[in-house]
């Protein structure tokens, strides 16, 4: 197998391609992946589409039923089991990805008309070489709308294809909140922040109507929607389709069972323990159980990949914050510079009006004032474009860094819960072994006592009416005629009295019979052990699935980050080039005007001096 260079980002099914600094390497596997892989709507009918537009099936699928023996082997290692279609090389931490050339992924049909429309638009954009373009969904306008109760709010007009819908900011916020609860291991794209209390304090009447804030929200909400739709898992979710549907009310969607039954936090998203326990009790005696073998030092041996990812994320967050801070400072200086240019332009224009003796110099000063006016406008435009194209992207990736820390925390919580379950399972096994040893010792003691003969024990009395042996060989007498026959046992009482009697008999029997008490304790311990084994197996399953999903999601994020970073740098270079080009043109015109100022020769100066002296002499002679 040939290792893939990480910066090229060529393979699709590897984990953490961009986290090369974390020491992760990816290789192609010789075998093909499983058939349960899906592609996004963009590649639903076009096999020649861009590889980046295909869905990573491991993000949206859960593994099949857990094989506990396989899980025990994977948990005893330093790293969890890789996803389906991927293998670990035994000599190092290398994830082997399936060869994309041998992929035969199945096509998932669209779930609704929205998915069909979006798939067609995605294929069109890919055909023209614009995958992941923000032109898939556009927010055309922010309109002031009044609801039936008379409350006014800002509605954003969303358009894709021939469909137009209106959604308010709170709708975007609720959509992202639902996606965070549904997919705790995925990076949900961030949205612009809410209005702060400072905004309401400084601008109580116009905080919600600030055109700058509305324009920024319009741009970032458009980016949020496009990131959702292009994402392989989030774009296929029907909740997103419901948000983009013009025929379905978003309020009704939020009241649907899919949303109302979601867990309130990621820690509660797993299967309830009582459901697993019930199934375990029902199948304890009907199927053989495979023990779950877990390492005692599981919680002391964290996954080295996630340790490196955590360090890389901290470094990334620090660098993004530093770049964003210096970039914001530069934008503020450009804003101050445009004010200085405006004042300087007014000074030159004033000088041009006062210099009447030299019209050529006045024209040159006026041209310089016009050039400074142009620089005033272009510098202000430069600051706005840098803030829009660069500053907002840096702020967004600062939010992404926080979200990465959140999903890494979720991974840590999953494995912490698994380690606690493993410790409880081992403690219960130790208790069961202790009970079994005590039961065996008691049984051996009882067997030893029963095998020892006891000559001093009296003969057991015979039951009434039965024949008893005699010492002298006498013939036993028959029962007396007037003796009543033995009566049959009375039936047990029914109802509440019968239940109380049965419970009392059970308690007395346990108290009076140590053997019964030990058997009951062993049965309880075995049942509880079966429950803990099932719970630990389920947590193992969930922890492995979370690890695989997070690694694949970070790989998707890395490829997205490379695309966005390239676009950001291109925007920065283009903005500065346009700024320099406009200023160069006006300053060339100013230079030409300055060069047209005539310079007097030395002879002309001497003649002018003599002329002035002669005029002065004439004036002196005319005076009395």
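Every residue gets a Cβ built from N, Cα and C, even glycine.
Quantities reported herein were computed from a predicted structural model and do not represent experimental measurements.
TrEMBL assigns the feature region 'Disordered' to residues 443-496, out of the candidate ranges 443-496, 497-550. Region 'Disordered' is the annotation TrEMBL gives to one range among 259-286, 287-314, 315-342, and that range is 259-286. Note on TrEMBL: of 33-84, 85-136, the range annotated with the feature region 'Disordered' is 33-84.
With DSSP classes pooled into helix, strand and coil, the tally for the domain 'PX' (132-251) is 51 helix, 24 strand, 45 coil. Averaged across the domain 'PX' (132-251), pLDDT for the predicted model comes to 87.
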